[in-house]
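In TrEMBL this protein carries:
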- 61-72: compositional bias 'Low complexity' (COMPBIAS)
- 73-89: compositional bias 'Polar residues' (COMPBIAS)
- 59-89: region 'Disordered' (REGION)
- 23-56: repeat 'WD' (REPEAT)
- 96-137: repeat 'WD' (REPEAT)
- 157-183: repeat 'WD' (REPEAT)
Amino acid sequence: MDVYDNNTFTGKDDFPRKILSQLLGSNGPVHAVTYSASPGTYILTGSADRSIRLYNPIPASPSSSTTTSSTSFITKPSQALSSTATPPQGRLIQTYTSHGYEVLSLSVSSSNATFASSGGDRAVFLWDVSTATTIRRFSNQGHTAGRINSVIFAGVDDSLLISGGHDTTVRIWDVRSQSSSRPVQVLGEAKDGITSLAVSSPGGGAEVLAGSVDGRVRTYDVRMGRLVTDVFPGAVTSLCLARDGKTVLVGSLDSKIRLMDRSNGQCLRTYGGDGNANGDAAGGWMNKEIRVQSVLGGGERWVVAGDENGAENSNGEGRVWAWDLLTGKLMAKLGVPWGPGGGKVVVGRDGKEKERKNVVSCVAWKDGGFGNQFCVGGTSGVVTVYGEA
């Protein structure tokens, strides 16, 4: 096992620390990022400016820009560059505009021909990628209050859409039905808002996992009509299923990320806060106030999460954390640059400039966690793409 601390590096690992590009164009915080289906060539982003943007993260002229390493607190000293270095820009391909409120969640179909989005509109939008138009809007007898925090494709050939929102319900929609836009099923057991969803298909069946602010992860076996509930100490903010469906990564507002065995509800490993294997530098990671996403990456070797606090400096950088899945040891802590221009200056009521903080809240790993690249977004409105050196 490689050994790290905040100032030195011994041993080697292949965690992708190098900044490949930054994706610009959003006029507000980015709340959702996702890759296109395998091989994951493109990235979709959802923003507070009510828009969805499709990018190619590879710069148009790689030779004209220098790919930079992020400021890393756990890396070779020679790799850490000044935060004033400007990463190359990815290519904006298309902008999708039909939402009337902020966009909070995105899901891409396996064919890459369509994608779904949700947010503050109380409706689920189904889009045609090539024409940049909405095919369907699922809102009839839909979510009754607040935001729709999560949407995900499910079923054979992505025939279903599942959404969860502030109204405490999970709703299942039939994408193929042209005669009705009503949900085919409503799951209403949660006592507080639904924050995150995941779908598993064991043995050809169908299971829906729903994380809620009430501190529960509810697993619905839709075909068998069975419900299993796992209880957590804090509001659940993030779910990420392993590819084999046997384990699930659960993030919650007690500053912990847990790897859970789905067969018996046992916690296999805890990350972040003071709960990693040796109580080392990972104790600096906190998540107590907002929804911060965590994912599996690098062929499910790492646990990767954003950060609600920002980096330990005054230039507005955000942070990304990565732990070894099996041991729980901290592998990397990367600075996330604010972006070109440094962002808008915010002035408080006292007339003084407020401290800028790039809260990294959304993370996506290419090819469902098995690619060689990941991207992060947050309050700066800039999406930063990391890859191998």
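Including glycine, each Cβ sits where the backbone N, Cα and C put it.
Mean pLDDT for the repeat 'WD' (23-56) in the predicted structure: 96.
Within its own chain, the repeat 'WD' (23-56) is flanked in space by residues 89-97, 99-112, 115, 117, 119, 127, 129, 339-340, 359, 361-368, 371, 373, 375-385, which lie at least six positions past its ends and keep a Cβ under 8 Å from the stretch.
Residues of the repeat 'WD' (96-137) grouped by DSSP class, helix first, strand second and coil last, total 0 helix, 23 strand, 19 coil.
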